[in-house]
Amino acid sequence: MNRFFVDRPVFAAVISIVLVLAGLICIRILPVAQYPELTPPQVVVSATYPGASAETVAQTVAAPLEQQINGVENMLYMQSSSLGSGTMQLTVTFALGTDPDQATINVNNRVQRATSSLPQEVQRLGVTVDKRFTTILGMVAMFATTDRYDRTYVGNYALLNVVDDLKRLPGVGDVQLLGNIDYSMRVWLRPDKLAQYNLTPSDVSAAIQEQNAQFAAGRFGDQPDPHAGPFTYTATTQGRLPDAAAFENIILRSSSQNAATLRLKDVARVELGTESYLVDSNLNGTPAVPIAIYLQPGANALNTMELIQNRMNELKASFPAGIDYAIPFDTTKFIKVSIEEVVHTFIEAIILVVLVVFIFLQNWRATLIPVIAVPISIIGTFAGMYVLGFSINLLTLFGLVLAIGIVVDDAIVVLENVERIMTTEKLSPRKAAIKAMGEVTGPVIAIVLVLCAVFIPVAFMGGLVGEMYKQFAVTIAISVTLSGLVALTLTPALCALILKPGHHEPILPFRIFNRAFERVTSGYTRGVRFFLKRATIGLIIFAGLLGSTYYLFERVPGSLLPDEDQGFLFGVAVLPPAASLERTTVVLDQVSENIRKNPAVDNVFAVSGFDLLSGGLKTSAGTMFIMLKDWKERTTPDADARNLPRTIMGMNAGIKDGMVLAFNPPPIMGLSTTGGFELYVQDRTGGGVESLTQATKLITEAAAKRPELQGVRTTFDPNVPQYDIQLDREKAKAMGVPINSVFTAMQATFGSLYVNDFTLYGRNYQVNLQSEAEFRRDPGDLKHVFVRADSGSMIPLDALVTVKRIVGPDQLERFNAFNAAKVTGNPAPGYTSGDAIKAMQEVAAQVLPQGYQIAWTGSAYQEVSTSGTGSQAMIFGLIMVFLILAAQYERWSLPLAVITAVPFAIFGALLATDLRGLTNDVYFQIGLVTLIGLAAKNAILIVEFAVLERESGKSAIEAAASAARLRFRPIVMTSLAFILGVVPLAVSTGAGSASRHSIGTGVIGGMLAATFIATFFIPMFYSLIARKPPKKHEDETADTPETPGGTGGGI
């Protein structure tokens, strides 16, 4: 085998060409995204109970649904939100990896069990079950450029002509028009006119149901008919009414005596309006309709957004004059720029690696070999990624950047050995290649096995962190495997073809470098011999290093992922409870105008009536999507998205009618609402709103005193002004008034009463009753609303009910079937999410009363549930390295000499991270896993050659010293190539730089320690372990000696 590929260079070349072709083909078809699917699947159950209070919705709608859904397969947690507008949304979150379609089916089956226990009105309107697409791709804004079209027309034009079209595009998961502005036939009742004609809202509702209905009229001449004619005719008749004019003419009462007819237009105003008037929105001050677009799981984000842009341009050609669109919110800009930055880093890494190799080899022919070999392994990796269903994302690209410095090792190990044999033994390139392969085949295979043993088992870890590990680790494992294949096939063939016998005197700069490196090598050798002779001192230093490593592990703060400048921010304006939508719109317009004055801001999309923090519709809150200018235009620290929130809140601090909050989005969109933490304070005692309020107040006030925390607040507000209406049921019964007629009249007057549907443009829309605005402004208007007693007399509502002003919540949330209050917050400057989580846990343990506890959600849930995962991955990697080496060496003790290199790498990584003020996040932990393999690789090169020297008859100390001196240059060369290949990650700027800094800093620090510190100690540990000569097997003969790794000196 040693000479097979040396003698067959075409065969070796064909293998590499196939790898490159497969990789190039797969690059074109692999999906591109910022991250793989890291957000847990969610299923949303929605229901509406028009006119009901938040408490009523929670008790009669949310609770029965939760009781049935609780415990559905693979469920992590569920959360419901019941609003004073009568809407309820229940979100069920499932474990990562759950099939969202199957989860939707399972939830829907549970919902069907609960349907019969829901209020009749809720059943009529229907309960919807949908899977939620958590990855928002962007937002399209449609607006009128003239006064000809109002927001209702623009929104419904978008619904009919844009939304459905975009939904059909490949890669689009869902398209939602925010604000629920579907057409609705609005019947605006005048209670004074109803009273004048002795009518009630129920009479109007019954008349509409009777006359706006679809009827089947049958067929003439249909079978069976023994005297059937030659034709069969279908009979048609007017069914649903087509427009507002037809609804106006609905007959409410008709008299045969005087031919008088009372029509709907006599007691109400009818118009084509919208289903809801709870939301208003504008783009940079211009009224606009927001259309949110969500990405389908596994789809190519960049291609999908390009399809959307192209399709919108095509649709624009048919827009009515005066209607236009913009795409102010586009998350793919960050994806595109951050991936471009990683690609630039990738190219810089290749250049630096080639430069290091050339400096050490000092021969352009020799340098050409790894230059050819490295791209083959990297490009071929894309084929492996495609087979495994991976995408081109930040994690896989990080893996490829680190892989550059790793895969070059195998080529250099072979090349350096061939050159050494050519120089010392004066052999031809072909013979040197054959002999070199006999010596390095074992180490190359061992390195590949060890690196794969580190990375592949990590891929089987579960959860969000496990998925991130898998993307990264498997990418490197594929590249390392292909690198080993190329090193054993193409590299020796290239050595035999490209290298030339005889070496000329190197040029002056190289001679200076060589002399300097020889002095370094001599100093290194003296240091190695010092520790070989004084092992006690070495062991004491090693023990101190272990203690320092433990201290740094405790000192470096933990977090899930670093905050990034993603090119946009979220803003929220919160007004006093019960503030009207008009007040909110005025404040939001003022805030938006202020924000647009900041030179770093590009667009502001403001949505009044939507509270991003609570996820519900509130007239007293508004949300802003703030798009920033390109990263190249924002080079100063104050223009960084991570620093802008403080600036934005400061410039709006003078607004007296509301509080303005701004925050950077979470690192992974869809995992949580904000970039901070989210939790729920659960009431497990059933104590009611007041008890929950007190418990929430205790925890927020205590959290405000902790230095690790800032901005801790609750979305739970129990002090929203309300009216409590009490019906005197005994009086109503005594007067012969049905109880249900009282509440139907109130709903149709002060709320919105859904009657039935009508058809327009091929779609079905709701018909809704509600009083004109002048009759529903305050409780005094109750005197204008009448109900009919059994005797036929008309009774005003104010004679049956009493009204009292109270305060209460307009939104009630439940978490895992318990009443709960949502609390959000952020780490204070200088602290991490891990610090904040720990502080909140301590606060909760100290102040929450018996029966109350906190439950994490979003990114905080993932961080808490994956705590310790990094340590598990590292320990698992160490165990696998040990077992692989034990199998290779056929000894349990010798692998310990290799394992001892790992603590040095961990120490260096932690020290570098601590000095730079970074955190122990997932990227850092991924880097640690990489360092285990790389540190072990360096140790393997020393131990392998020490084993060969030991078998040649040298003592353990001499074998260790000789191996250290012999392998120092290739170790330094490969390690420097790797380190310089990672430097662009650690010093990068722009989009996605925080994650690149996190992984680059730790890896560089670890490799520096593994290269320039651990190499002094590895020979010492080998000598301590190998002092006893290896035992000979009984069946070994003198003429067939075997190395521990088999033939050729393998490990």
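These residue numbers are counts, starting from 1, taken along the chain as shown.
Placement of Cβ uses the backbone N, Cα and C atoms for every residue, glycine included.
Since this is a predicted model, take the numbers as computed values, not measurements.
Per Swiss-Prot, the features are:
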type     : residues  : note
TRANSMEM : 10-30     : transmembrane segment
TRANSMEM : 341-361   : transmembrane segment
TRANSMEM : 366-386   : transmembrane segment
TRANSMEM : 387-407   : transmembrane segment
TRANSMEM : 444-464   : transmembrane segment
TRANSMEM : 478-498   : transmembrane segment
TRANSMEM : 537-557   : transmembrane segment
TRANSMEM : 867-887   : transmembrane segment
TRANSMEM : 892-912   : transmembrane segment
TRANSMEM : 928-948   : transmembrane segment
TRANSMEM : 971-991   : transmembrane segment
TRANSMEM : 1002-1022 : transmembrane segment
REGION   : 1032-1051 : region 'Disordered'
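Contact between the transmembrane segment (867-887) and the transmembrane segment (928-948) is supported by 3 or more Cβ pairs under 8 Å, counting only residues 6 or more apart in sequence.
Counting Cβ pairs under 8 Å to the transmembrane segment (341-361), the stretch among 387-407, 444-464, 928-948, 971-991 with the most such contacts is 971-991. When Cβ-Cβ distances below 8 Å are used as the criterion, the transmembrane segment (444-464) is approached by residues 38, 40, 95-97, 406, 409-410, 413-414, 470, 473-474, 476-477, 480-481, 483-484, 487-488, 671, 862, 865-866, 869, 872-873, 876-877, 880-881, 883-885, 888, 929-930, 932-933, 936-937, 940, 944, 1045, 1050-1051 of the same chain, each at least six residues removed from its ends. Long-range neighbours of the transmembrane segment (537-557) within the same chain, counting only residues 6 or more positions beyond its ends whose Cβ lies under 8 Å from a Cβ of the stretch, are 531, 831-832, 834-835, 900, 903-904, 906-907, 910-911, 913-914, 918-920, 1016-1017, 1020. The transmembrane segment (387-407) makes no contact with the transmembrane segment (892-912), as judged by fewer than three Cβ pairs under 8 Å among residues 6 or more apart in sequence. Long-range contacts of the transmembrane segment (478-498) within its own chain (CB-CB distance under 8 A, at least 6 residues past either end) are made by residues 5-6, 8-9, 11-13, 15-16, 19, 365-366, 368-369, 372-374, 376-378, 380-381, 384-385, 399-400, 403, 406-407, 409-411, 413-415, 418, 429-430, 432-434, 436-437, 441, 444-445, 447-448, 451-452, 455.
Taking Cβ pairs closer than 8 Å, the transmembrane segment (928-948) reaches residues 402, 406, 409, 413, 439, 442-443, 446-447, 450-451, 454-455, 458, 469, 473, 476, 870, 873-874, 877-878, 881, 885, 889, 894, 897-902, 904-906, 909, 959-960, 962-964, 966-967, 970-971, 975, 978, 1002-1003, 1006-1007, 1010-1011, 1014-1015, 1018-1019, 1022, 1026, 1043-1045, 1049, 1051 in its own chain, all 6 or more past its ends. Only residues 6 or more beyond the boundaries of the transmembrane segment (366-386), in the same chain, are considered here, and those with a CB under 8 A from a CB of the stretch are 16, 19-20, 22-27, 29-30, 350, 353-354, 357-358, 392, 396, 400, 403-404, 407-408, 410-412, 415, 419, 474-475, 478-480, 482-483, 486-487, 490-491, 494-495, 498-499.
Residues 542, 545-546, 548-549, 552-553, 556, 874, 878, 881-882, 885-886, 920, 924, 927-928, 931-932, 934-936, 938-940, 943, 947, 1001-1010, 1013-1014, 1017-1018, 1021-1022, 1025-1026, 1044 of the same chain sit 6 or more residues outside the transmembrane segment (892-912) yet have a Cβ under 8 Å from a Cβ within it.
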